[in-house]
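If you look up Swiss-Prot, you'll see Cys117 marked as active site, proton donor, on the strength of sequence analysis. Marked as phosphoenolpyruvate binding site by Swiss-Prot on the basis of sequence analysis: Lys22, Asn23. Annotation source Swiss-Prot lists UDP-N-acetyl-alpha-D-glucosamine binding site at Arg93, Arg122, Pro123, Val124, Asp125, Gln126, Asp309, Ile331, citing sequence analysis. Swiss-Prot lists Cys117 with the feature 2-(S-cysteinyl)pyruvic acid O-phosphothioketal.
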Amino acid sequence: MDKLLIRGGRSLKGEVLISGAKNATLPELCACLLTSAPVTLTNVPRLQDVATMLKLIRNMGVAAERSDDGRVTVDASALSSPEAPYELVKTMRASVLALGPLLTRFGEATVSLPGGCAIGSRPVDQHIKGLTAMGAEIVVEHGYMIAKLPKGWTRLKGARIATDMVTVTGTENFLMAATLAEGVTILENAAQEPEITDLAEMLIKMGANIEGHGSSRIRIQGVESLHGCTHQVVADRIETGTFMCAVAATGGDVLLKHGRIDHLEAVVEKLRDAGATVARVEGGIRVQSQGRLKSQSFRTTEYPGFPTDMQAQFMALNCISHGTAVVTETIFENRFMHVNEMVRLGANIQIDSKVAVVEGVEKLSGATVMATDLRASASLVIAGLVADGETVVERIYHLDRGYDQMEAKLRGLGADIERIK
C-alpha cells in the first residue's frame, strides 16, 4: 500500500495549477445521464473518485472516453441499467447523485447506500424526502435505495422542497431531477456552494430552465428534454485552500493558478488575520508567508462560511502558530480523527465533543502517521511539510480520492516528498 515520505523544513515557492473540482465533476458526470446526446467536460481532475464514477456509468451502458488533457466525453444514448451496485460505489459517497438522474431517465433506479469517508452518518433521508415530494416511491432495503415512478406516471412532478438541513448532494439531486420534471420545482434551504452553481450552469447549457442558483432558493421550470454541451469544470476551492494552508505553514510564496478568492472568502479572511498575504492576481491567487503566524479560531458552517472540508488543513497551520485556537466543527461528527495523528507529531490539541483547542507549538517532529479520511490526509501532509525530520503518511489512498497528483505538485514547489511502497 502506497505511503508518502516527507522530509520537512522546506518553504514552498513557485506556481501550481489548481485542478477541476471533484465535488463539481461527480454530479456533472451524473448529469450527463439526463440526455442521450454527447456531453463533454473539460478540466476533469485525475482522482480515484472520478475513476469510480466513470466506471459506474460505464457499467450502466454509457460510453465515457477520457483524454490526457482532462477532457471527458460522455454518451449516454445507450444507457441500459438503472442500477448503481454496492461493489462499484462502496468507496464513494457521491454514488447517491445517480439516484435523481436515473429515476428521471428510466422511471426507476436502484442505488446502493453510499460509502466514502467515515466522518459521520451523512444520512440519505433528505434525498428520499425531496424526491418523494416530487412523486417518487422509494424504499430502502438490503442496503439499497429502490425508487420508481407511480403507476401511470412518465415524469416526476414539480414540488416545493424544503429540507430539514442544508444538504449539498441533496440540492444537486433535486436540481438534476427537477430539470425534466413536469411543472415548477422550488428548492428552499438550498445549498449555495460554487460547485452547485457550476452544476446549474452546465444544466442551463443543456437546455434547463434554472433561476436562483448560488442562493438558498432555486427555481426550476421543467423542460421536455435536455441536449448535449461542452462545459469546463470549476477550479477546486478545497485544493486551493489546502495549498494556501501549506504555503502559509511553510513560509512560502506561491501562485495558485486558476484559484478563486471569491470561492474561499472565509478561509482567506482567516489566513490574512493570521498574518499571511493573500492577493488576487492575474490568473489566480498569490499567497506569501514569513515566520510564525497567529493562531485563528473558527467555526465550520455551510457555504459561504468556513468549509468543514478545510477544518483539518487549517488546524495543521494552527498547530505551529502563535497562541491558542478554538476550532468548532458543526457539520459532521467524527471529524477530528486527524487529531491523534497530529499529536504523534508533537501537536498540543485537546478535544471536547465538537470543539478542539489547539495550543500552538514552536515545532513538530516527524513520525509515522495514518490518514483516516480525505481531508485528514491532506492535513497530515501539511504537518509533515513543517515537521523536523521524516514523516511517513500511511493509507494515502484517501488522498488519491480527492487530490490530483498532490505529491507531484508539492515537489514542483520545492517540497521533499515522495511516494513509497
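Backbone N, Cα and C atoms are what each Cβ position is placed from, and that goes for glycine too.
Recorded features from Swiss-Prot, shown on the structure.
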| residue | record | Cβ within 10 Å |
| --- | --- | --- |
| Lys22 | phosphoenolpyruvate binding site | 25 |
| Asn23 | phosphoenolpyruvate binding site | 25 |
| Arg93 | UDP-N-acetyl-alpha-D-glucosamine binding site | 19 |
| Pro123 | UDP-N-acetyl-alpha-D-glucosamine binding site | 13 |
| Val124 | UDP-N-acetyl-alpha-D-glucosamine binding site | 21 |
| Asp125 | UDP-N-acetyl-alpha-D-glucosamine binding site | 14 |
| Gln126 | UDP-N-acetyl-alpha-D-glucosamine binding site | 21 |
| Asp309 | UDP-N-acetyl-alpha-D-glucosamine binding site | 21 |
| Ile331 | UDP-N-acetyl-alpha-D-glucosamine binding site | 21 |
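Mapped onto three states, the DSSP output places Pro123 (UDP-N-acetyl-alpha-D-glucosamine binding site) in coil. Put simply, Arg93 (UDP-N-acetyl-alpha-D-glucosamine binding site) is 12 Å from Lys22 (phosphoenolpyruvate binding site) when counted between their Cα atoms. Secondary structure at Ile331 (UDP-N-acetyl-alpha-D-glucosamine binding site), as computed by DSSP, is coil.
When the alpha carbons of Asn23 (phosphoenolpyruvate binding site) and Arg93 (UDP-N-acetyl-alpha-D-glucosamine binding site) are compared, the span between them is 11 angstrom.
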